[in-house]
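Here is the structure we will look at.
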Amino acid sequence: MAGFNPTTKTQEALQEALQKASAAGNPDIRPEHLLAAILGQEDGIAIPVLRATGVDPDVVRREAEALVAKLPKAEGANLANPNFNRDALSVLNNAQELAGELGDEYVSTEVLLAAVARGTNDAAELLTKRGATYDVIKGVFPSVRGNKKVTTESPEDQFQALEKYSTDLTARAREGKIDPVIGRDQEIRRVVQVLSRRTKNNPVLIGEPGVGKTAIVEGLARRIVAGDVPESLKGKTLISLDLGSMVAGAKYRGEFEERLKAVLDEIKSAEGEIITFIDELHTIVGAGATGDSAMDAGNMIKPLLARGELRLVGATTLDEYRKYIEKDAALERRFQQVFVGEPSVEDAVGILRGLKERYEVHHGVRIQDSALVAAATLSDRYITSRFLPDKAIDLVDEAASRLRMEIDSSPQEIDELERIVRRLEIEEVALSKETDAASKDRLIKLRQELADEREKLGELVARWNNEKGAINKVREAKEELERLRSESEIAERDGDYGKVAELRYGRIPELEKQVAEAEEHTVETTMLSEEVTPDTIAEVVSAWTGIPAGKMLQGETEKLLNMEAELGKRVVGQSEAVVAVSDAVRRARAGVADPNRPTGSFLFLGPTGVGKTELAKALAEFMFDDDRAMVRIDMSEYGEKHAVARLVGAPPGYVGYDQGGQLTEAVRRRPYTVVLFDEVEKAHPDVFDILLQVLDEGRLTDGQGRTVDFRNTVLILTSNLGAGGTKDEMMDAVKRAFKPEFVNRLDDVVIFDPLSQEQLTHIVEIQIAQLAQRLAARRLTLAVSDSAKLWLAERGYEPAYGARPLRRLIQQAIGDQLAKKLLSGEVRDGSEVHVDADLDNDGLVISAS
């Protein structure tokens, strides 16, 4: 139509109307098609306009679709491209006229909607019947469009931009959807002070991730709603700007800038009534910049920030502030820094107490106060890579979630009984097919047993359902209580004191009494645990870090008390070393060790082959059931001074900077481990300087500036300095090789004694048991006679070399012979292998049976 200048959305609506008419078999396009097409656009302006009139757009769209379905149908060649009928052309003319009246350069969809309502057709009648007359629709334009004119083909980005690209935090606070903020009064007061300035009233919250920067802004929103702010902030609206949704879908150059400008214009036109919050403030630097253009979000808001027309609260981490904001001095000077530090453990407990009720209602479980204290203390001690209160809140959340999952899934007793019943049912089916007397007798007994088990199962399931029902009833009552408290706060703000009195002195106390009674009843339940305890928190800590933080079970206590005997099964004749290591582990597990130092740090001295490395492996096996579960650093690889970089990671600017160090990365991934520095005397002396902090403070900073926690590791250094000398000579050798400050930081220097002939006999037993374990894979049984063991102990005894010659001897005397016999077929898989001494030929004889 000549002179008709539609926006992109209007063009799409016209095209959709054409398609609807064609698909329905209608000979022409009518206003009904136009109305159905306009209201089918989810992101158009017509829907918010119709909603502003108090009419439900979905209902009108369905009724318009019904009108289209009733229109006369035709058959013919022109159905693929129907024309507008007289009523539809009249709508388009009216729309063009109205656009001119409004000063619009393009006809937008809300103007087209008003034009449909102005006509004398069925679509207009439908709108009028619902109360959306031409005058009513036109009357709500200012509330939706503001004072903006349609000057582009896509005005939708400019209308209601704030509603689209932001979240109203004050509205969420009114609805009770924001968690309470405990403490942080000083930081909130500082933010309020900066916001109350005349110019540059833009605070930026800077702190580590998880310390509660966003929570401070949410706390401010709650205070604004409660009126607990200075006059300059009373009644203000606090919005959170979503830059992500603003950038998303901006296909053409300038589209993002258009959206941002529309948002900024709305904020400006509010004349200081809106405070804007941008989480991850550093994202404004570079957001929306294209090619060589310097026009990004940061540069667009600078003038507004300087003049005080935009009150902006930002939040970002220290690293990102330094990396993005500080580089732009003009942007940085417009912000006032508010540093948010990590709260202390005591403050974190207070924060958790404030959030406790929300988490209890969400998960439907009770949380003990001691569990909150445990969450703060254990997270502070063991989860060192994150910050309070975030990590403590996560612990409580996951512990409650774990408990809820256990409540919802069937208990172990029911599980076991169900398996027994299933097994008996299968057996019953099998026996019912048998005809012999024994089977029939067994079937009678089995059916009786099955009936008993089913009865037991039925009772347990009924009891479980009752307990679960009681717990769920408490949960529902708590949810209702939370809703009533929120209603009471809203009524108090609205001045409805009658409702406040009814809720606070009637329904809320009554419900609180019901909850208390129901909780007393659920305490008596035995099948289901519905209380988060310190042990539950400790289990979650153990799952996250691998550190056994919970109470020791009886079995573990006995295991720790008998630790020397357990380690002695692998390490023979070194009782002093075994006792020293066992004492260190027991101290740590019992909680009497210094929490700021490693569990234990030892220097093992002694000749080669006496069990220094073997003790480290035995300790790893004792603690983790796997002797390879340790960090082993072979110090002979660190003979050069520059090799220290491999332990902690290369410094910035060097190749491999982003890969981390061999020591620091391994301990960061597994903070509860055994670290073995083997053959330390082979390393360059400067390598030990980096271990000083580890031994004293239990921490080490890697090449990327991250602090790695060594407080839950056992550090073992092995060396054969002064081997063969007396104890004093060995200690003198240590003092010559290592600096005093290094030796002084070790828990103990343990000297390993050379092995005696008798001790070697025990080692023969251990080595043969290991060989038998390897042969078990081929179903071979190994039987070694006492004379053969004695022969091995005598021939393998070389005091200067320890137990290693014995291992070589077993390999040659038994392993080599056995390998040949297996390959030749003399010994087959599944055989029993006998090893005897052949004293005449000074060797061993292998036979199979």
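Cβ coordinates come from backbone N, Cα and C, glycine included.
Residues annotated as ATP 1 binding site in Swiss-Prot: GLY207, GLU208, PRO209, GLY210, VAL211, GLY212, LYS213, THR214. Its Cβ placed at the centre, GLY207 (ATP 1 binding site) has 21 other Cβ atoms within 10 Å.
Annotated ATP 2 binding site per Swiss-Prot: GLY606, PRO607, THR608, GLY609, VAL610, GLY611, LYS612, THR613, in sequence order. Taken residue by residue with DSSP, THR608 (ATP 2 binding site) is part of neither helix nor strand, so it is coil.
Positions annotated as coiled coil by Swiss-Prot: 393-525.
For 1-13, the entry in Swiss-Prot reads compositional bias 'Polar residues'.
The feature domain 'Clp R' is assigned by Swiss-Prot to 1-147.
For the region 'Disordered' (1-25), the DSSP counts in helix, strand and coil order read 17 helix, 1 strand, 7 coil. Residues annotated as region 'Disordered' in Swiss-Prot: 1-25.
What Swiss-Prot lists as region 'Repeat 1' is 6-71.
The region 'Repeat 2' feature in Swiss-Prot is assigned to 84-147.
Marked as region 'NBD1' by Swiss-Prot on the basis of similarity to another entry: 160-342. On the 0 to 100 pLDDT scale, the model's mean across the region 'NBD1' (160-342) is 80.
Residues or ranges marked as region 'Linker' in Swiss-Prot: 343-546.
According to Swiss-Prot, the region 'NBD2' annotation covers 556-754.
Residues annotated as region 'C-terminal' in Swiss-Prot: 755-849.
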Legend entry - Rounded to the nearest Å - Cα separation of PRO209 (ATP 1 binding site) and PRO607 (ATP 2 binding site): 50
Inset, instruction - Ten-angstrom check, please: count other Cβ atoms within 10 Å of the Cβ of THR608 (ATP 2 binding site), all chains counted. - result: 15
Inset, instruction - Give the helix, strand or coil assignment DSSP yields for THR214 (ATP 1 binding site). - result: helix
Legend entry - Chain-mates of GLY207, GLU208, PRO209, GLY210, VAL211, GLY212, LYS213, THR214 with C-beta within 8 Å of site centroid, ATP 1: ALA315, THR317, VAL340, GLU342, PHE387, ASP390
Inset, instruction - Could you tell me which three-state DSSP class GLY207 (ATP 1 binding site) falls into? - result: coil
Inset, instruction - Please list residues from the chain of GLY609 (ATP 2 binding site) whose Cβ is under 8 angstroms from its Cβ, counting only those at least six apart in sequence. - result: LEU755, TYR801, GLY802, ALA803, ARG804, PRO805
Inset, instruction - Output the single range from 160-342, 343-546, 556-754, 755-849 maximising the number of Cβ pairs under 8 Å to the region 'Repeat 2' (84-147). - result: 160-342
